[in-house]
Each structure stands twice: as structure tokens, then as C-alpha cells.
Amino acid sequence: MFDTVCSLPLSSDLFSQAIHPTEPLVSIGLSSGHVQTFHLPAPSENGKAGYGHIDTVWRTRRHKGSCRCVGFGIDGETLYSAGTDGWVKAARTETGRVEWKFAVPRIGDKSGFQVDSPCLIHALSPQTLLLATDSGALHLFDLRDRSTEVSARPQQTHHPHDDYVSSLTPLPPSETSTSGYSKQWITTGGTTIAVTDLRRGILVRSEDQGEELISSSYVTGLKAGGTSKGEKLVVGGASGVLTLWEKGAWDDQDERIIVDRSLDGGESLEVIANVPDELGKGKVVAVGQSDGRVQFVQLGPNKVISELSHDDLEGVVGLGFDVQGRMISGGGTVVKVWHEAISDEEGNDDESDEEDIENGEGLGKKRKGGNGSSDEEEDSDDDMAGKDKGKRKKRKRGKGKDRSGGVHVMAFKGLD
């Protein structure tokens with residue numbers, strides 16, 4: 001069972017959320033262009049993980065337009081962000097200080113170039129950064145080759161789908177891999193999935209699935225037998241259905257699980273996260289929906305075993321589990337932290353102000369007031385910040401926002 005530790009109100013709509021691979025840190029990108037990093041409480045001496053305060057490590061106006069996507073590097077020391085201002089910036093996770101940046105490749109010709117807004121960023125390895133854009137391009141950047149900030153060019157560019165890339169899931173490295181890093185990944189976009197190789201480019205495109213594919217996750221450790229290898233790709237669609245794809249059989253789906261049975265056709269499944277094995281019964285995925293609910297689906301029996309509500313109106317944009325097994329859900333103007341329930345006590349509500357935090361204060365230290373910035377190039381451009389509502393919100397059915405920031409205690413009946 002899980003309860004909310006707290007609900008953290010945000011100053012503007014959440015566009016992207018990233019969870020640190022080894023530390024209790026969460027970073028977010030907002031529609032206002034701000035990027036903010038939080039430090040979650042460490043386990044207390046009495047063993048109650050997750051109780052305490054969530055501190056702002058740093059907060060800054062990183063992009064002049066909306067911050068579309070954020071993502072940590074493989075080792076967690078670097079936080080990448082990309083915005084509608086056409087810039088990708090790499091900052092130190094601990095301080096927020098920008099170390100280098102480069103321009104998103106533009107589209108058009110000599111008669112007129114325009115920004116191709118980013119929609120997804122992912123560090124595949126210490127050497128390779130993947131960046132997807134609204135035009136459907138998927139760029140590969142070599143992080144070892146840092147040319148001047150304006151002239152940086154991708155090593156490769158692919159167009160795996162007719163539409164923009166809605167999700168990206170790396171495939172596990174092969175048994176013969178010497179680096180230990182993935183060299184292939186699966187993307188969803190439009191009504192298809194595609195498999196791309198670091199060296200050979202696009203390998204496979206699936207058949208048209210007849211519905212928009214939005215989210216994905218890769219699950220290992222399933223029961224093998226017959227043609228099943230015990231590994232499946234889980235894909236979330238716009239009509240409330242999860243599809244399962246057998247490893248290596250990427251041309252068409254293998255199984256279907258109806259997650260949302262709404263009378264109007266089902267809510268779209270915006271984001272998928274694998275529940276840590278120690279928290280679930282068997283293999284379980286958490287699915288964030290456009291109506292603000294999170295549903296938990298057990299693979300094998302292929303059924304929904306529990307659900308909770310992140311928000312009554314706004315959809316779930318970010319979902320994942322931190323290094324201590326706490327679930328982090330984000331959407332609308334709130335981020336919520338959930339821990340495995342120990343008692344019926346409510347978590348403490350963090351009413352921290354939405355102030356700017358100057359870098360260099362260290363993890364977990366909060367400075368109130370001031371207008372410090374961790375990026376010398378940052379300035380205000382409120383007119384640009386409001387132009388990018390459509391991409392993230394186009395599948396949302398609810399309107400309005402939950403401004404209360406109150407604590408909501410929910411239980412997972414199937415996960416205790």
C-alpha cells in the first residue's frame with residue numbers, strides 16, 4: 001500500500017519530470033521555462049522512509065519559452081533540459097550551473113528557418129544524447145564532441161514515425177555488450193512503434209495500429225515459454241488500452257489489456273513506469289492517465305489490481321520511482337510523492353514558496369527570497385512562455401487546476 005508523503009504545488013504547469021538514478025532528487029520542467037530540482041527526505045532512523053521535508057535545491061528560469069523536457073545523464077551528475085527557445089542546456093545537477101549548451105537543429109530553408117521545438121530528451125549512454133522534436137526528427141548527439149554552442153550538429157538524424165516521437169524506451173544491452181549500455185531503443189509515434197540501432201539506424205517499423213500510441217516501458221523477468229522470451233514492451237494508447245509486444249516480434253502487438261473502460265472510449269495512457277519488484281506482487285506497471293488517475297496493472301494475469309488519483313482534473317505527465325522506492329507523480333500544477341504505507345498517518349504538506357534558488361547552496365539547503373539565477377543568459381520572456389500549452393495538453397479532457405496542494409491519502413489494495 002502507498003500513501004502520499006506530500007503534495008507540492010508548482011508555479012505553473014508541469015511539462016516534464018525526471019528522477020535521479022542514484023540520489024533522492026527530482027527535477028521538473030515547467031511551462032514558464034523554469035527548471036527546478038527537489039531533494040526528497042532520506043529514511044529516518046525509525047525506518048519510516050519518506051517522512052520529512054522536500055527541499056528546493058535550486059530553481060531558475062532556464063528557458064525563455066516553455067521547458068519541454070528534462071532528463072538526467074547516466075551517472076546523474078548532469079541534468080539536460082530543452083525548451084521552445086531552441087536550446088538544449090546541460091547543467092550540473094548539484095548546483096544548476098549550466099556547463100554547456102547547443103541549439104536544437106532548425107527546420108526550413110534559407111528563406112526562413114524556424115525553431116523545431118523539442119519533445120523528448122534521453123541520455124542513452126555517457127557518449128550519446130537523443131533528442132526528438134515536433135517535426136518527427138530524432139537527433140543523436142555525441143557528447144564527446146562539444147563544438148561551439150551555436151554550430152553543434154547531430155551525428156545522425158532519423159525520422160522513425162510520421163508524427164512526433166511520443167515515448168522512447170531503451171532496450172537492454174545484449175549479453176555480448178562490452179560497454180554495458182544500450183545501443184538500441186524503441187520509440188512510439190503516431191500509430192506505430194519503431195526500433196532504431198545506434199549504428200545501423202531504423203531497423204523495424206510496426207504495422208499501423210489504428211490508434212495513437214503515447215507511452216511505453218520495457219519489462220523483463222516475465223514467465224518464458226513457447227515463443228515468449230519473458231520480455232515484453234508495454235505500450236499505452238489513446239483509447240485506454242495497453243498493448244504487449246513480444247521481444248523481437250516488433251511488427252505487431254501480442255496481447256491487449258483494457259485499462260480504462262470509460263463510456264466515451266477510455267482515457268489516454270500518458271505515461272508508464274515499472275513498479276519495483278519489492279513493492280508489487282509479481283510484475284506490475286503503473287499507468288498515468290489523462291484524467292489524473294494512476295492505475296496499476298499486473299502482467300501475467302493482465303489485469304488492473306489497484307488505482308489512485310493524482311488529480312481530479314489534470315492529467316498525469318510524469319510518473320516514476322526514486323532510488324528509495326517512492327512513487328513520484330506529476331501533472332497540472334502539482335507533484336506528489338508516495339511511499340509504501342506504514343501507518344494511517346498523513347504525510348506532512350510542504351508549503352515551500354516558489355522562490356528562485358541560487359546555485360551553490362548544496363543539496364537540501366534552502367534559501368528564501370532573492371532573485372538569484374544559475375544561468376547568466378537567463379532572462380524573462382513571459383510572452384513566449386504561454387505559447388506552448390497545446391503539445392502537452394492536447395489529450396487532456398479536464399479543465400481547470402487543483403490549487404489546494406493538500407494531502408490526499410490513497411491506498412493500493414493490490415500492492416501491500
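Just so you know, glycine gets a Cβ as well, placed from its N, Cα and C.
For 166-179, the entry in Swiss-Prot reads compositional bias 'Low complexity'. Secondary structure of the compositional bias 'Low complexity' (166-179) per DSSP (helix as H, G, I; strand as E, B; remaining residues coil): 0 helix, 4 strand, 10 coil.
The compositional bias 'Acidic residues' annotation in Swiss-Prot covers 343-359 (among others).
Annotation source Swiss-Prot lists compositional bias 'Acidic residues' at 374-383 (among others).
As annotated by Swiss-Prot, compositional bias 'Basic residues' applies to 389-400.
For the repeat 'WD 1' (9-48), the mean pLDDT of the prediction comes to 89. Under the heading repeat 'WD 1', Swiss-Prot lists 9-48.
What Swiss-Prot records for 214-255 is repeat 'WD 4'.
Annotation comment: Swiss-Prot describes 309-348 as repeat 'WD 6'. Each residue of the repeat 'WD 6' (309-348) gets a DSSP state, and the totals for helix, strand and coil are 0 helix, 17 strand, 23 coil.
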Secondary structure content of the repeat 'WD 4' (214-255), with strand meaning DSSP E or B: 0 helix, 21 strand, 21 coil
